[in-house]
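To start, the structure itself, in structure tokens.
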Amino acid sequence: MGCAPSIHVSQSGVIYCRDSDESNSPHQTTTISQGTATLHGLFIKTDAADSIPSVLAYQSRQPPPPPPSAGPRRKERREPGASARPRTPRCCGIEAETQTSNASVKASTTEVQVGPMRLTQDPIQVLLIFAKEDNQSDGFWWACDRAGYRCNIARTPESALECFLDKHQEIIVIDHRNSRYFDAEDVCRSIRATKPSEHTVILAVVPRISADQEETSVLPLLNAGFDRQFMENSSITACYNELVQIEHGEVRSQFKLRACNAVFTALDHCQEAIEITSEDHVIQYVNPAFERMMGYHNGELIGKELTELPKSDKNCADLLDTINTFIKKGKEWQGVYYARRKSGDSIQQHVKITPVIGQGGKIRHFVSLKRLHCTNGNNKQLYRSHRDEKYTEDNSQSESHSFKCKNRRKDSTDVKSITSQSSDAPSLQTRRYSSMARIHSMTIEAPITKVINIINAAQENSPITVAEALDRVLEILRTTELYSPQLGTKDEDPHTSDLVGGLMTDGLRRLSGNEYVFSKNMNLSHSHLSVPNTINDVPPCIAQLLDNEESWDFNIFELEAVTNKRPLVYLGLKVFARFGVSEFLNCSEATLRAWLQVIEANYHSSNSYHNSTHAADVLHATAFFLGKERVKGSLDHLDEVAALIAATIHDVDHPGRTNSFLCNAGSELAVLYNDTAVLESHHTALAFQLTTKDSKCNIFKNIDRNHYRTLRQAIIDMVLATEMTKHFEHVNKFVNSINKPVVTEETSSHSEGSDCECTPNIKNFPDNQTLIKRMMIKCADVANPCRPLELCIEWAGRISEEYFAQTDEEKRQGLPVVMPVFDRNTCSIPKSQISFIDYFITDMFDAWDAFAHLPVLMQHLANNYKHWKTLDELKCKSLRLPSENNN
């Protein structure tokens with residue numbers, strides 16, 4: 001007769017369990033834990049119970065004999081004739097009342113087929129939630145052991161949830177026979193509230209009913225989150241059968257569903273646009289490539305019928321009928337189809353539509369693969385190679401990669417694409433070959449053409465993956481927006497989208513009948529303006545302010561106030577004298593003064609931002625930059641004079657409206673300059689007209705023709721550089737041509753320690769000087785965020801007011817609203833400043849600072865950015881913090 005385990009509790013509260021058998025084998029001693037310890041069928045209480053965690057884990061249990069027909073509460077089960085083995089506790093890492101079993105029958109992994117996918121399923125994990133051990137919990141425990149499942153037992157709802165979140169069991173069995181210890185439905189709901197439970201099958205063990213009782217509905221259990229109910233039956237075979245059926249049914253299905261995550265991940269990263277619809281053509285899924293191609297967001301499409309989306313009028317009238325006839329018969333259709341993007345433009349697509357058979361053997365889905373239709377011969381060759389070699393990424397061509405910029409890209413074809421096309425007309429084909437031969441014999445070849453030819457040659461003997469990558473490079477090189485980054489969706493950052501849309505596009509949206517023509521006031525009469533005869537005649541209050549004009553913190557608004565909104569003449573006289581402009585131009589100070597007077601008169605004082613104060617501010621910043629050692633050492637005197645003149649005239653006669661507004665309104669200037677750099681072209685053209693119209697203000701009349709042409713070209717180039725559509729092109733060229741070589745040269749000649757080591761080389765390359773001048777005036781033009789906080793806030797208010805006024809006028813005239821976010825009733829100025837700094841300012845001034853060394857500006861920029869961020873977080877409508885307003 002077997003001996004019961006002997007229990008010993010030490011003075012410290014440590015529990016020891018000794019198991020012995022009839023054969024008087026040596027006692028096996030195991031330390032269990034402190035406090036209330038749960039052995040299988042045995043609860044122990046010690047003096048230290050409150051502080052002792054009940055965590056028990058068993059490596060294995062002995063398989064039980066057939067259950068006795070009757071008798072008192074049994075002790076540990078073991079196979080007949082088997083000697084008792086010690087049960088060694090093993091911490092499972094869960095601080096809860098749980099027991100863990102590793103199945104004594106080791107189950108091998110199972111292979112599962114999901115369509116063409118072959119999956120490997122690990123052994124099933126089961127969680128038993130029973131407050132007390134009894135025959136039913138034993139039945140499931142040993143059933144798991146027989147089936148080769150890994151099993152955990154939890155005694156409390158808390159430990160059950162913790163164990164599930166740690167192990168993510170596929171099957172959970174909850175004791176629902178009584179609510180004395182916990183509410184089974186509450187436990188189920190708490191588990192169902194977790195993300196991992198969506199793939200878990202939860203089984204409720206309900207009490208057995210007598211023959212005269214009516215069976216209750218399972219709906220309450222289903223509503224609580226259970227999947228099945230199990231009538232109380234402690235037979236190991238019954239428990240085993242239930243678990244195995246669940247494994248081969250719901251668990252296997254859930255396993256297959258989880259594998260679909262991999263498929264959706266592949267679809268999300270696929271470069272081909274993919275659309276899945278129901279049999280009634282209701283959109284069920286689109287991947288990100290489809291969103292990019294068509295310009296819609298996922299939420300705008302899912303659940304909509306295809307008939308609700310705008311159609312292109314470029315398709316044949318009966319094309320849709322032809323497509324429907326094919327796919328409704330279960331046949332695949334592919335061909336060329338015109339689709340309309342959200343923006344309204346039509347794009348030509350190569351489309352493949354495949355019907356998918358589903359429930360009831362009927363067509364339940366249509367899968368559409370879409371690529372932008374392209375005639376590039378290399379792409380066709382890649383397509384054939386992919387098809388022949390049966391690549392798993394079906395027809396993954398380089399045509400599909402550049403959805404973001406396709407709508408802006410000009411059609412371009414290379415020589416190979418033309419010569420590779422077949423033709424039904426032999427004579428035409430012959431003429432094509434003849435033309436191509438003549439083209440190849442030409443000696444004129446642009447640098448980009450050389451690059452493309454090198455890439456084409458490299459493709460010839462390259463592996464398919466390399467050839468595909470190079471084809472994508474070619475597609476990018478053929479776009480017109482090589483330097484412009486792609487913005488995210490408008491919903492992600494409407495401030496940035498609107499700001500960039502207003503500053504970096506020319507509009508090009510025509511509304512007939514709405515023409516905006518601003519009246520130019522070429523004010524050549526200056527008798528009403530009182531200006532000093534010489535720089536020495538400046539009034540003392542103005543002279544005192546100008547004494548500080550070489551400082552970056554110079555307050556231009558104070559000068560604006562004391563000069564009655566005519567700061568440009570006074571600052572211009574002082575700055576031009578400091579840089580010897582009159583001496584270089586060989587003109588008198590009177591001529592220079594008259595010229596400054598004419599230019600300032602043609603700035604619109606009614607503009608809140610683009611007025612002569614802004615011109616004076618840009619002139620001040622330009623002069624400050626010209627005073628930096630590295631800039632000074634890189635430029636000639638002619639460059640300095642050109643920069644100062646360009647800064648003075650760069651916004652003359654600005655109407656207070658953007659280029660996009662003028663283009664949309666069909667203004668005289670937009671028509672004159674073909675919607676391209678409209679304002680910048682006007683500023684330079686008008687400035688030279690005003691200058692040369694009257695000899696009294698013609699500052700160029702005494703320089704020779706060659707100097708004039710060089711100076712004029714430099715001025716025009718700098719003013720045109722302030723146009724924002726090529727902002728990123730200028731910045732990137734500066735970084736690559738100036739910053740990087742300077743860093744390299746500094747590194748190589750570090751021992752000399754001079755700040756101007758690079759300047760001799762830069763002077764030897766006029767193109768580099770051009771890049772520096774462009775970058776300098778660009779930074780001067782938008783330096784407001786780098787000014788002291790008070791000046792920065794004032795400029796932010798002024799530019800916002802000008803944009804508000806434009807939005808108001810667009811609404812009045814029925815024009816497209818270029819920057820909807822700049823609505824005076826809803827706009828957040830702090831947000832707009834943050835977006836402007838993030839998108840335009842930070843990178844540009846980092847590059848300029850790396851060259852010119854401008855620590856004061858960068859510190860102001862950091863402080864101002866922090867200020868706008870704080871206002872945005874506090875959702876302040878004011879441009880100043882409450883503490884600043886009090887001051």
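Backbone N, Cα and C atoms are what each Cβ position is placed from, and that goes for glycine too.
Annotated features, as they stand in TrEMBL:
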REGION    56-89  region 'Disordered'
DOMAIN    266-309  domain 'PAS'
REGION    380-431  region 'Disordered'
COMPBIAS  415-431  compositional bias 'Polar residues'
DOMAIN    534-875  domain 'PDEase'
BINDING   His610, Asn611, Ser612, Thr613, His614, Asp651, Asp781, Gln833  AMP binding site
BINDING   Asp651  Zn(2+) 2 binding site
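Structural mapping of features recorded in TrEMBL.
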{"residue": "His610", "record": "AMP binding site", "Cβ contacts under 8 Å, 6 or more apart": "Tyr603, His604, Asp651, His654, Gly656, Glu802"}
{"residue": "Asn611", "record": "AMP binding site", "Cβ contacts under 8 Å, 6 or more apart": "Lys565, Tyr603, His604, Ser605, His654"}
{"residue": "Ser612", "record": "AMP binding site", "Cβ contacts under 8 Å, 6 or more apart": "Lys565, Arg566, Pro567, Leu568, Glu600, Tyr603, Ser605"}
{"residue": "Thr613", "record": "AMP binding site", "Cβ contacts under 8 Å, 6 or more apart": "Ile556, Phe557, Glu560, Lys565, Pro567, Leu568"}
{"residue": "His614", "record": "AMP binding site", "Cβ contacts under 8 Å, 6 or more apart": "Asp651"}
{"residue": "Asp781", "record": "AMP binding site", "Cβ contacts under 8 Å, 6 or more apart": "Val618, His650, Thr722"}
{"residue": "Gln833", "record": "AMP binding site", "Cβ contacts under 8 Å, 6 or more apart": "Pro785, Ala796, Asn864, Trp868"}
Distance in Å spanning the most remote Cα pair of His610, Asn611, Ser612, Thr613, His614, Asp651, Asp781, Gln833, given for AMP: 22
Counts of helix, strand and coil residues, the domain 'PAS' (266-309), according to DSSP: 18 helix, 12 strand, 14 coil
